[in-house]
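Contents: one structure, followed by commentary.
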Amino acid sequence: MGRWEYFLKRVLLMVPIVFLGTTVTFLILRVGPIDPAAAIIGPSGDTEAYAAIRDSLGLDQPLWIQYAEFMRDLLTLQLGESWVVVRGQSVWELVGVYGPRTLWLGFWSILIPIFVGLPLGFYAGLNPNTLADYIASFGGIVWRAMPNFWLAVIFVSVLTQSDALFGFSWGDWLVETQIVTPPDLSGLWEPTQFLGALKAILPAALVLGSASMGNEMRIGRTAVLETKNANYVEMAKAKGVPGRLVVWKHMFRNALIPLVPVITGEAFLLLGGSVLVETVFAINGLGYLFFQATINGDVPLVGSLMFLFILLSVGINILQDFLYTVIDPRVGYDGGA
Amino acid sequence: MGADTDVGSGSTRTGEFREEASRPEGDRDLPLSERITRNPGPAATWAAVVAVLIAAEFGAIVSGLLSVPPWGWVGGLVPGVVEPVAALLATVAERGAELPTITSRSVIDNTGYQTPSGWEGTTLGLSPAVAWALRVAVIYTYSFTWLLVGWWGYTLYRRHYRIPDWTPRDDVVNRFRRHSWGLFGLTIVFAFVVMALFAPVLGPTTVDQNIENPYENRIDYYNDETGQVESIFVGEANGDTQSRGQGDNNVGPLEYDQYDRFHPFGTLPDGKDLFTFMASGARVSLLVGLTSLGIAGGFAMVFAMLTAYYKGLVDLGVVIAGDSIQAMPQLLFIILASFVLSDTWIAEVYNGGLVLAILFGITGWPALWRAVRGPALQVSEREWIDAAKSYGQRPRVTMQKHMLPYVVGYFLIYASLSLGGVIIGIAGLSFLGLGIEAPVPEWGRAVSAGQPYVATQSWHISLIPGILVVIIVTGFNALGDGVRDAIDPESDIGDGGNENVAAGGGA
């Protein structure tokens, strides 16, 4: 099977996945015991208004009609309006407000671990079985085992009181920022604004990236150890290629392939795990919005957000397959899916 | 599956067992019971030791086994027939709990008060701290004795009763025994399991007295001002032993409060004992984690067998089903589903634990299935599967006898990794106030309760639960690594895509 043919097959496979995932969401929301009309009307319990709302929402129609409308609206990207959280606000507008914060958080929590984890791993691999290697490796293992929400709690407490604890005020350092607040993402092209937004998101990004930082360190270490004695590296050294170049040109590339699933996996964790980190740091991103929509019984918002999450993860999967197809020439030859 | 497939049961003794002693040639075809009758010595010694160990804890074992099912709920399902039986079993469980055991709270009692002449009420007049530490030491000694006796039984079986001198599993076990990182993991995991099993006796006080019904229980204490022994409701005492960061409001780790109660981990913001809370929370986490793993593992193994055996469309179907589930972020899906189910009867079972277990199971199987799919496909291409097919063996039997044993080891690796993830996930949900209902201890809730006090003198409330989670998850990861290296020393599985199994959906 050709590589691109294989890739195309993977993409086609995503169609039933989106369909099935959305169907499951519908079943949970509409067939489950949740009552959206009661959530809208609140605890006052006016029967007439309740019936009117049920009627206007089409909740008394046969289930299959509701299902058809639900799927039609989502697949044509008509995400509807929020009923409870911000009543009457369209979901697209809400995503426009909350989405960028999550994207900003996600971008840095993928980037920072790569630039910290990989070099540390390379260093550990180049000096195997030394004290530094043990410290780095063990640190990576422990760092990876830390629950994100707990780490976030610790970060928030220590940073908000850094002045009293260390005599160093994180909030006033470089640019003045709040610690528990959504980052201000306006005017990112101005250096101070950019720095402020970056600094505001940094602790949260470190927490959310903690798992993959450990993984990336391990991958970097393994890649160096595997290639250190490979013929082509010996050859390059014998040719007189400088050490730094050997590392970056010959070893770094080998670390790339196992890095792909870690990065895409990280993106998955981001979608799910951002709830807790966003709640602790009060970032008010998509995860936080989803959580609020759920506990308030905001059915259309929950459904639309879940649909967007499904689209996103399917998109990440396609991106992963695309990267594999480009980077790894072995993909698709022996039929391994 | 017998002891042969029990690859994780390695322990710390040294020595090889290849040189075989008393295994006469004539025993080759006898069943195990016959082999034991012919050479009863080792088995009898072992059984005697086991009997002593069981006798030491008889009451606790009976009540422990019988009190796991929720009898009230089971009885309610079929009122006529099952109810009396369920009620009877519940009574037996309660009676069993009253039998004295070496780890009973009453045997080494750490509750008492200090009068000017010394400690009253505690065993031998020890200080509560010493009495408590002693009981913990007895519990852990007892448990680790079981571990050693189990290993000893396996070696006896291997030396005296097993027919073949050597099986490939021996190599796996030997490799694990030399894997110090894996043994470290096993020790941590075992200690955690013991903590969960013995939760009611490990704490310096009980969940019922201290956490769930503090205003139905009284304790005695010595009042310095009046010089009298007085009694007070636990709830009122808790009100005076809060840990809230400021001023005198703090009872830290390894401290006594003013009612002479010892708190190994300090107290919660509402004055309850953190250690008791944690031990009981360990039980909840482990129970939910194992149940969810059972559900996910069941799906994963059945699907792995089916997809490896039939391939083609079946494989494609499971790929689509699995990917659809994984396309929904696990934690968000669980938040949504547990909220939707929160008012139904199923949310009542185990205070919401069952719902969590089912949800983690349903969302967890695709990852486990992916992990064992490769090995299952590999084994399905071996000659012996072809042979079994051409002899007309039924597919089910082929899968069970010839494919499953090969895959079980790989399953254990990921089971170990993902259990840590589930524990983090449950803690994350209860941190948000979802999942396990409020008075029942869950670790995430302690982190949440201590959140405002992290940078104060009451740091222990949030930090200790988090550190315990880190240790336990590291333990599960180490155990997984050890099992992996033992089963397949040359493999590179676990690097890359499946690493995130251990991350609990990002919690």
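Backbone N, Cα and C define each Cβ position, glycine as well.
Unlike curated records, TrEMBL annotations are generated automatically.
Marked as compositional bias 'Basic and acidic residues' by TrEMBL: B:15-36.
Feature annotation from TrEMBL assigns domain 'ABC transmembrane type-1' to B:282-480.
The region 'Disordered' annotation in TrEMBL covers B:1-36.
Taken from TrEMBL, the feature transmembrane segment covers B:43-66 (among others).
Annotation comment: TrEMBL describes B:132-154 (among others) as transmembrane segment.
The transmembrane segment annotation in TrEMBL covers B:181-202 (among others). Listed as Cβ neighbours of the transmembrane segment (B:181-202) (distance under 8 Å, sequence separation of 6 or more from its ends, same chain) are residues 8, 10-12, 60, 64, 103-105, 135-136, 139-140, 143-144, 147, 275, 279-280, 282-283, 285-287, 416, 471-472, 474-483, 485-486.
If you look up TrEMBL, you'll see B:284-310 (among others) marked as transmembrane segment.
The transmembrane segment feature in TrEMBL is assigned to B:353-372 (among others). Proximity of distant same-chain residues to the transmembrane segment (B:353-372), defined by a Cβ-Cβ separation under 8 Å and at least 6 residues beyond the stretch ends, is recorded for 284, 287-289, 291-297, 299-301, 303-304, 307, 318, 321-323, 325-326, 328, 330, 333-334, 337-338, 341, 346-347, 407, 410-411, 413-415, 418, 422, 425-426, 429, 435-436, 493, 497-498, 501, 505.
Taken from TrEMBL, the feature transmembrane segment covers B:403-436 (among others). Through the fold, the transmembrane segment (B:403-436) approaches residues 1, 5, 7-8, 172, 185, 189, 284-286, 288-290, 292-293, 296-297, 300-301, 304-305, 308-309, 330-331, 334-335, 338-339, 351-353, 356, 360, 364, 367-368, 371-372, 375-376, 379-380, 385, 442-445, 447-448, 465, 469, 472-477, 479-480, 483-484, 487-488, 493-494, 498, 501-505, 507 of its own chain, all at least 6 residues removed from its boundaries and within a Cβ separation under 8 Å.
Annotation comment: TrEMBL describes B:459-479 (among others) as transmembrane segment.
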| message | Checking distant contacts: for the transmembrane segment (B:459-479), what same-chain residues at least six beyond its ends satisfy Cβ-Cβ under 8 A? | response | 8, 181-182, 184-189, 192, 243, 252-253, 265-266, 268-269, 274, 278, 281, 416-417, 419-421, 423-424, 427, 443-444, 446-447, 449-451, 453, 502
| message | Which sequence-distant residues neighbour the transmembrane segment (B:43-66)? Criterion: at least 6 residues beyond either end, Cβ under 8 Å. | response | 36, 89-90, 92-104, 142, 145-146, 149, 152-153, 156, 160-161, 197, 201
